[in-house]
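Q: So that we are looking at the same thing, I have put the structure below in structure tokens.
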Amino acid sequence: MRMRAWVVARTQAGLASGSKPVRSAASRAVRRGAVLGSARTLTAALALAAALALVLSLTPGFAGMLTPGCTGALSAVAYADEPAEGDNAVNTQQLPDSSFIYDTSIGDLAQADSYFDNQTVQVVGEAVGDAIRSGLDGRHRWITLSAEGDSSTISVHMTSEQAAKIDTFGKYGARGTMLQVRGTFYLVCPDHDGISDLHAEVVTVVSRGEEVPDEFDANAFVPGIVTVVAGLALLGVFYWLRERQR
Amino acid sequence: MWQRFTLYDVRVIGHYLGVLVLFSSLALLVPFITAIACQEWRPAAHYLLAIGVSLTVGAALRFLRIEPGRLDRQQALAVTGFAWIVLSFIATIPLYLSGHYVTYLDTLFDCVSGMTTTGASIIVDLDHLSNADNMWRFMMHLMGGFGLIVVALSFGLFGKRVDASLYMSEGRSEHVVPNVVQTTQFIAKIGMGIILVATVILTGLCLFIGMEPLRAFLQALWLSISGFITGGFAPMSQSVMYYHSFPIEVVLMLVMLVGSISFVLHAEVWKGRVAVFFRDLEIRTMVLWLAVVTCVFAASLSASADFSNLPAMLRRGLFMVISAFSTTGFQNITTNQLETSLTSGAFLVLAMLMAVGGSGGSTSGGIKFSRMGIIAKSMVSTIKEALAPDSARVVVAYNHVGRRVLTPDIVKEAMTVFILYVVTYAVGALVGIAHGFEAAPAIFESVSMASNGGIVSSLAAPGMAPTLEVFYIVQMWAGRLEFVTLIALLVEIVVSLNPRKWVVKR
């Protein structure tokens with residue numbers, strides 16, 4: 001279901017990026033056609049090509065065939081939009097058409113089967129606990145991402161620079177930074193002795209964390225004080241009765 | 001002729017339960033102080049209320065009999081049986097108020113799991129739980145692991161001269177020293193010493209991996225308690241996997257191993273009698289059992305595509321084997337991996353490890369090595385008798401803190417408890433299957449609950465079916481008391497109520 005949703009989204013994105021050059025080429029052809037006297041023919045041909053592209057791209061079986069050129073453009077555009085990922089706007093690790101991004105949830109990954117293994121996924125979650133050192137060189141960190149609404153979590157392996165984007169870690173009295181992480185999910189990671197983890201490629205802060213400390217409320221202690229006094233009074237009476245019996 | 005409870009018995013039992021409930025208010029002081037120290041005001045108010053309730057309930061119960069006298073064997077049995085449930089109810093108060101449980105029954109499940117050192121948890125959003133609530137979870141482990149009665153005896157709550165029946169009713173039969181109270185004090189001292197050492201080492205390791213000092217200390221303390229007590233609760237939802245640290249896993253493996261060895265043998269080593277340790281039936285059974293099962297587990301993992309490489313097998317496999325056999329319940333793989341990446345054979349081997357458990361007289365659950373060893377010796381005896389001439393008298397001996405002769409009574413006790421465990425595992429599996437779950441996880445979960453193992457698959461989850469949850473609570477309770485105390489208590493209650501009289505009247 002999610003894959004289908006992604007395919008549709010990707011197709012629409014492909015259309016958006018693909019249709020622009022088609023439109024500009026068409027307008028240029030109109031101007032040239034006016035000069036050459038064959039504007040109608042060219043416009044009709046390009047319009048036909050655009051319509052054909054639209055139909056083919058909406059047809060599931062042909063969507064992939066049309067996208068290679070578009071994917072490259074999309075990837076470049078998408079990565080260029082992402083901040084602080086180095087000078088190179090193109091992700092060289094991104095394979096042409098064999099890797100997919102599943103915009104998924106941590107809960108799904110926590111119950112994932114081999115279907116998700118080795119796939120590029122994207123999840124959103126709250127950074128909780130601590131930034132745990134990975135290895136001795138200090139270049140990488142383990143971050144635990146927790147899903148909102150349920151108890152599912154996932155271990156994310158990221159660089160120390162990416163981990164530095166986290167301003168607050170979730171714990172009692174603190175809501176952690178919400179991160180969107182795109183990376184490769186491993187059901188049984190070959191690099192980390194079989195752990196189930198996500199190797200982050202792109203880490204984006206969705207919302208900053210915040211400290212929510214408990215405020216002292218004297219009224220909240222009243223029921224406790226009343227019961228403690230009652231209990232101590234009962235205990236006092238008990239010891240008094242026991243002494244009297246002796 | 002079945003023994004029945006008289007009104008006098010009920011009043012005496014009530015009085016001593018009151019003593020234990022009052023003691024729980026002392027234990028609740030620890031998380032209360034933690035809450036104040038960490039400025040967690042909401043949990044502090046919850047713990048003050050819980051202290052008040054336990055003081056009131058405890059004092060009220062003591063009024064049932066002002067001068068109760070000494071407990072007899074029958075009353076001791078009832079006090080022990082009820083103590084585990086009554087104290088679990090008291091323990092639910094602050095945890096339920098924390099808002100981290102879907103239903104009240106989930107809170108009771110976690111509290112019984114904590115007290116019985118099962119370690120299965122269905123808490124929601126554990127990573128945001130307060131330090132005070134976490135401290136209380138591990139205090140439950142600490143009290144339950146040593147044994148509620150052992151802790152109470154070591155504090156002298158039942159007086160200085162106590163009948164051994166109270167001590168034995170909690171599934172313990174061996175004395176380090178002849179005096180019961182001194183034995184319990186020795187158990188408490190040795191346990192606290194090991195926990196202290198482990199806490200210091202783990203704090204250093206937690207600091208090294210980048211944790212804040214306070215978090216490093218608290219989590220090291222909690223992991224040490226949980227590891228030595230072979231409980232299984234962890235302060236983070238990812239259990240031990242959260243730390244991504246092989247040294248921490250190694251320390252915890254050692255702590256779990258130490259925790260799964262009888263306190264009597266600890267005492268022997270303490271006295272310098274190391275040879276006694278290695279000659280012991282339990283230790284030899286443990287080595288043999290672990291060698292065989294680890295080979296089977298490794299062979300089974302080799303067949304899987306995921307865990308067949310050596311580093312993964314050694315790190316994940318070995319840890320899970322030790323966690324399972326000691327009935328701790330720590331995990332360094334996810335529950336999902338347990339079900340999807342391990343082979344079904346490896347999955348069932350873990351269940352078998354939990355089913356057998358650790359040493360008798362330790363903090364481990366399960367059938368226990370001592371009973372398995374005695375049953376094996378009994379088989380040897382039967383074969384010897386079959387081969388021996390009619391006039392021969394076959395004597396089979398074994399070593400357990402000295403040379404002992406195998407007697408029919410010892411074999412009967414071992415066989416009875418063995419059969420009760422196996423029947424409970426089977427019935428629990430059927431209950432799981434009846435709730436619509438697959439057979440393998442249903443068996444695994446049932447074994448995990450009754451053996452107080454704590455490694456869980458997907459059946460125990462927040463908001464689970466109440467019928468299944470209640471059954472698991474009973475399994476944990478019965479398994480911790482090794483059935484005999486509980487069954488005897490239930491029979492005595494039924495006989496005391498005299499159902500035949502009710503039927504005839506109608």
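Just so you know, glycine gets a Cβ as well, placed from its N, Cα and C.
According to TrEMBL, the feature transmembrane segment maps to B:12-33, B:45-64, B:76-97, B:138-158, B:190-210, B:216-234, B:246-266, B:286-305, B:317-334, B:346-367, B:414-437, B:477-497.
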Q: Would the transmembrane segment (B:12-33) count as touching the transmembrane segment (B:76-97), if touching means at least three Cβ pairs under 8 Å and pairs must be 6 or more apart in sequence?
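A: Contact confirmed: at least 3 Cβ pairs fall under 8 Å.
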Q: Where, among B:45-64, B:76-97, B:216-234, do we find the most CB pairs under 8 A to the transmembrane segment (B:138-158)?
A: B:216-234
Q: Most CB pairs under 8 Å with the transmembrane segment (B:246-266): which of B:190-210, B:216-234, B:346-367, B:477-497?
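A: Per the Cβ under 8 Å count, B:346-367.
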Q: Using a Cβ-Cβ cut-off of under 8 Å, list the residues of the same chain that are 6+ residues beyond the ends of the transmembrane segment (B:76-97) and lie near it.
A: 5, 9, 13, 16-17, 20-21, 24, 28, 31, 43, 46-47, 49-50, 53-54, 57, 104, 107-108, 110-112, 114-116, 132-133, 136-137, 140, 143-144, 148-149, 163, 165-166, 169-170, 477, 480-481, 485-486, 488-489, 492
Q: Go through B:317-334, B:346-367, B:414-437 and flag the stretch with the largest number of C-beta pairs under 8 Å relative to the transmembrane segment (B:286-305).
A: B:346-367
Q: Near the transmembrane segment (B:216-234), which residues from the same chain, at least 6 beyond its ends, have a CB less than 8 A from one of its CBs?
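A: Hits for the transmembrane segment (B:216-234): 113-114, 117-121, 131, 134-135, 137-138, 141-142, 144-146, 191, 194-196, 198-203, 205-207, 240, 242, 248, 252, 255-256, 258-260, 323, 326-330, 358, 362-365, 453-455.
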